[in-house]
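Peer 1: One structure is given below, represented as structure tokens, and several questions about it will come after.
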Amino acid sequence: MANMEVSFTHLGNHLVSDSAAAIKAGGSDELSNIDPDENLLYGVYGGRGPRGNGRRRHDDDDNETEVLDDDDDESLASVPVDGMKSLKLDAPVEEKELPPHACAYCGIHSPSSVVKCLTCNKWFCSAKGSAFSSHIVNHLVRARHKEVQLHPESSLGDTVLECYNCGTKNVFILGFIPAKSDTVVVLLCRQPCGASTSTKDMSWDISRWQPLIEDRAFLNWLVTPPTDAEQLRARHLTPPMIAKLEEMWKEAPNATVADLEKTAGVDDDPHPVLLKYDDPYHYQNIFGPLVKMESDYDKKLKEAQSEDGLQVRWHLGLNSKHVASFILPKIESGDVKLAVGDEMRLKYKGELRPPWEGVGYVIKIPNNQSDEVEVELRKSANDKSVPTECTHNFSADYVWKATSYDRMQLAMKTFAVDEMSVSGYIFHKLLGHEVQVAPTKITMPKKFHVPGLPELNASQIAAIKQVLSNPLSLIQGPPGTGKTVTSATIIYHLAKMSNSQVLVCAPSNVAVDQLCERIHRTGLKVVRLTAKSREDVESSVSFLALHEQVRMNTTNKELDGLVKLKTETGELSSQDEKRFKQLTRQAEREILQNADVVCCTCVGAGDPRLSKMKFRNVLIDESTQSAEPECMIPLVLGCKQVVLVGDHKQLGPVIMNKKAAKAGLNQSLFERLVKLQFTPIRLKVQYRMHPCLSEFPSNMFYEGSLQNGVTAAERLRKDVDFPWPVPETPMMFWSNLGNEEISASGTSYLNRTEAANVEKIVTRFFKAGVKPADIGVITPYEGQRSYIVNTMQNTGTFKKESYREVEVASVDAFQGREKDFIVLSCVRSNENQGIGFLSDPRRLNVALTRAKYGLVIIGNPKVLCKHELWHHLLVHFKDKKCLVEGPLTNLQPSLLQFGRPRQAYRPQRSHTQHVASGPSNGRFAAPLTAGSVRDYETGSMVSYIPDDVSSIHSSALGGAALSSGYPAMFSNFHPEAWAGLPCAGPNGRPGAKGRGRATESIAGESVANSEFTDATSSVIGGKGIGQGGASLGAGLSEAIGSARPTSYSQSDRLKQYVESNGRMGVGNGYRRYDDDEKSVSTAFASQIGTGFD
């Protein structure tokens, strides 16, 4: 197989076979003759493969470089970039001078196996070594490069891979389509060209579009894998060495492998966080460097976010400030993360007027309605010079500020040097010391219900009693248990009983606003302190904001007069401005001192306006989403009574720097106290979900302790006509076997089959009368989020406005929120790459607990069931008869049988011991003991940042029709010249069809074969199967990819099924992929039609 030469001729953007017949003849038996060592599945289940050690680690990061994120310690992303202390370079036996086109990693230089990166001009090969990504794909992802060129001596010549229609060169969105009547392969981008309606009239079958990158490597017929002998002779770099080399190239592009030895002894890993600390200086010495690491990383990331050549639209905001609207391509590619309130600098460098620059704040980020960023410029003396008449030649820079990190460092310093910053008891508890609480006499309120809030249940009242009588309390609020109401009630009683102010904080502005609104209902005097940069951002509690209360305060006539003068004229004289600021500060102090409750973010608690104030009572909501130093900011303002509210079984803090996260900066103070056996008070009655939806999360994550405060009847929308498998149980897992693909950014994933079926489900809800605002679509991957948004807009049969109003976002964006109906798209569908983000139990817990009336999960159960947690979930759905497959109009119970997962899952119990109040369930295994808790990384992802450049601009490019005219040179080619080409019927006769007709799939409805399309072919993961005809996987891949090792992809399994007359046999010592032969055989038979021959 390795010696077989594959010859192609490159004609424009068509790839034409010169030796197809020889390929077909030589590759007929390759599937059964591959050595087990070459099988990618071999290492997954043990032996000498990369996963043979049996250990797993989840190492996601907020930059969403999920393509390099595996579940094993040998993967490229699971190893730190640094940590080179013990690295050794394994040089080849005979080191000699390598040609310029040698792989920059390993030195392999076979022309057919190397590819040139057009961004950095380095060459890389298709070898994988000990990782799961080929060297070229690994480099493209890590370096954020996307354009490549083949070697001049390769069979295709020095081809630059690009779309035949629009010319885009992003390899992550490029794929190929075989022509129906010509012996050519056409390269098209996934969107818009590969999905353009104008393509349907062409001689190309767009349902057969396949990506050029599969299994994290270029297709074998495009870039040949090196032989075993070449790999043995090559330089062997470990994944940490490759990661370090990529980092070196960012600073020194000409660095070589030899330069790695110079840094091999450097080990600058920070000291990990501890459970206990000797004193506050010890505490500061541990956390201080971690905060600095995160700060430096954030600064480097933000300062690299410069964007040139922008087109800007101008308009005046309601406050008469200039607003600039523009699209940032780097946001769409996932390289830039923006949030409302971030500061940006706009510059004009055109020729129509003198250079200009202005600074403003982000007031809008891309969402379903618009891909634009909106920046509101700050008022300045030269407002008239804003170039509103210009629209081109602008640039944008991110203005990085160290405010958040400086306040964390200052809080830790204050904790160390100021004895009055916290009480003695809190001081010792924060350091992890054993200390007895001093007995205090308090008079409990006669009734705990407060005006303006709902009645409390028994567990809420118990929590409030315990909080009021203890100086430090943790409240664990599982999903839907009313922790916001409980927190607001606690704040009311603390304010009334202690007759002192309460400081209320949370890590996000959204969480602060929600709690602030509830507290206001109780009648307490509340002030919402916001950052200066967010004063113009609309919120539900704007009327409570400090700056707004100052503006509305008319008791100070002088200040009122200056406010009106400034509003009318836009500016004040220097003397008036000085007096205005003085009077404003006085008014702010008065309002703050007279307030019962002050609400702000944790970082906002470090605002200088609060520096002179002392807060005896501090409550931090969503504290499990705050890094510990962030929580310290509000605590060092004199607290004597602290309440931390959160849920350590849901998502944790977002830490950008992997080394800092690995050292423990991603652990919240709440979690550390739990590990110190400080038992949280758990709220036990959930009011959100239908009881069938709360059963699994309760048993798996909360030891069966959750009780239902709502009945099944109260959470059943009988007015909604939806094909639930069990009408009284509004949940289902819809089996979809579509393959995952890499998104345009190269750092995320998408699944076209799942996206198409999400649209079908949303449309069905619309037709049943569900409002768009009541539907939420959750997906862990930004690539899928962007693709779903565009799929609904482009193919949805309902009103376009309705689809735009459906929120499509990441799990993180939905934490703390709820929708009537939730659709969860799992995306991951592969044989040996793992399931990435999905393996995080805390992320799954959040995703499963957002829906009130119904939950639909779309995923590939065959892949997901290999993970222990998902295995339990799938078995649960199957026991409830809610695991289904087939078209949405005719769902059938899945026949899938589950084997044992790779590792038995045990829910984390940490150090808390809660007695389960619900009935025991033998399906959910007993928790581990405290000493054997397994830790899971919970890296997070920022949502609402468009990723697929192509999908964002599909509206702009979609009108470009594909040329129907082939070059004249193709007139000599006929289908008979290539017997394996899918367009040729049996015996090479064009247009001939097999007997029988294709039936609808029961393996999840395909993209093409649905009630909303008129296409005659079905799709499994984008591989089209005509009525009785051969599939792309069974035809073209056999002809042009016979050298491909067995991967058990959809096409390979389909091919094996066809060739074995309907039997999915076990190949030469490989583990059989399908545990349930009947299910898969039935699925394939329905896709192909019974008359296939």
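A Cβ is built for glycine as well, from the same backbone N, Cα and C atoms used for every other residue.
The Zn(2+) 1 binding site annotation in Swiss-Prot covers Cys103, Cys106, Cys125, His135. Annotation source Swiss-Prot lists Zn(2+) 2 binding site at Cys117, Cys120, His139, His145, citing sequence analysis. Among the features that Swiss-Prot reports, Zn(2+) 3 binding site is placed at Cys163, Cys166, Cys189, Cys193, with the record citing sequence analysis. Per Swiss-Prot, the feature ATP binding site maps to Gln460, Gly480, Thr481, Gly482, Lys483, Thr484, Gln650, Tyr687, Glu818; the stated evidence is similarity to another entry. Annotated compositional bias 'Acidic residues' per Swiss-Prot: 61-75, in sequence order. According to Swiss-Prot, the domain 'Upf1 CH-rich' annotation covers 95-252. Residues or ranges marked as region 'Disordered' by Swiss-Prot: 42-79. For 103-135, the entry in Swiss-Prot reads region 'C3H'. Look at Swiss-Prot and you will find 117-145 tagged as region 'CC/SHH/C'. Annotated region 'C4' per Swiss-Prot: 163-193, in sequence order.
Explain the structural surroundings of these features, please.
Peer 2: In sequence order, Cys103, Tyr105, Cys106, Ile108, His109, Ser110, Ser113, Val114, Val115, Ser134, His135, Ile136, Pro226 are the residues near Cys125 (Zn(2+) 1 binding site), counting only same-chain partners six or more apart with C-beta under 8 A. A strand conformation is recorded for Cys125 (Zn(2+) 1 binding site) in the three-state DSSP classification.
The Cβ neighbour count for Cys120 (Zn(2+) 2 binding site), using a 10 Å radius and every protein chain shown, is 14.
Under DSSP, Gln650 (ATP binding site) is assigned to coil, being neither helix nor strand in the three-state scheme.
For the region 'C3H' (103-135), the model gives a mean pLDDT of 94.
If you look at the region 'CC/SHH/C' (117-145), the same-chain residues 6 or more away from its ends with a CB under 8 A from one of its CBs are 50, 65, 67-68, 70, 74-76, 100-106, 108-110, 151, 160, 169, 171-172, 213, 216-218, 220, 223-226, 230-231, 234, 236-239, 242-243, 246, 249, 253, 333, 335, 745-747, 832-833.
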Peer 1: Using C-alpha positions only, work out which of the binding-site residues Cys117, Cys120, His139, Cys163 is nearest to Lys483 (ATP binding site).
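Peer 2: Smallest Cα separation from Lys483 (ATP binding site) among Cys117, Cys120, His139, Cys163: His139.
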Peer 1: Can you tell me the three-state DSSP label for Cys189 (Zn(2+) 3 binding site)?
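Peer 2: Looking at the DSSP assignment, Cys189 (Zn(2+) 3 binding site) belongs to a strand.
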Peer 1: Of the binding-site residues Cys163, Gln460, Thr481, which one sits closest to Cys120 (Zn(2+) 2 binding site) when you measure Cα to Cα?
Peer 2: Cys163
Peer 1: For Gln650 (ATP binding site), which of these binding-site residues sit within 10 Å, Cα to Cα: His139, His145, Cys163, Cys166, Cys189, Cys193?
Peer 2: none
Peer 1: Could you state the CA-to-CA distance between Cys166 (Zn(2+) 3 binding site) and Gln460 (ATP binding site) to the nearest Å?
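Peer 2: Spelling it out, the Cα of Cys166 (Zn(2+) 3 binding site) and the Cα of Gln460 (ATP binding site) are 60 Å apart.
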Peer 1: Roughly how many Å separate the Cα of Thr481 (ATP binding site) from that of Cys117 (Zn(2+) 2 binding site), to the nearest whole number?
Peer 2: 53
Peer 1: Roughly how many Å lie between the Cα atoms of His139 (Zn(2+) 2 binding site) and Cys189 (Zn(2+) 3 binding site), rounded to a whole value?
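Peer 2: With the alpha carbons as reference points, the distance is 21 Å.
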Peer 1: Applying a 10 Å Cβ distance cut-off over all chains shown, what neighbour count does His139 (Zn(2+) 2 binding site) have?
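Peer 2: Looking across every protein chain shown, the total is 26.
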Peer 1: Tell me the Cβ neighbour count for Cys117 (Zn(2+) 2 binding site), meaning other Cβ atoms within 10 Å of its Cβ, over all protein chains shown.
Peer 2: 20
Peer 1: These are the binding-site residues: Cys106, Cys166, Cys193. Which one scores highest on other Cβ atoms within 10 Å?
Peer 2: Cys193
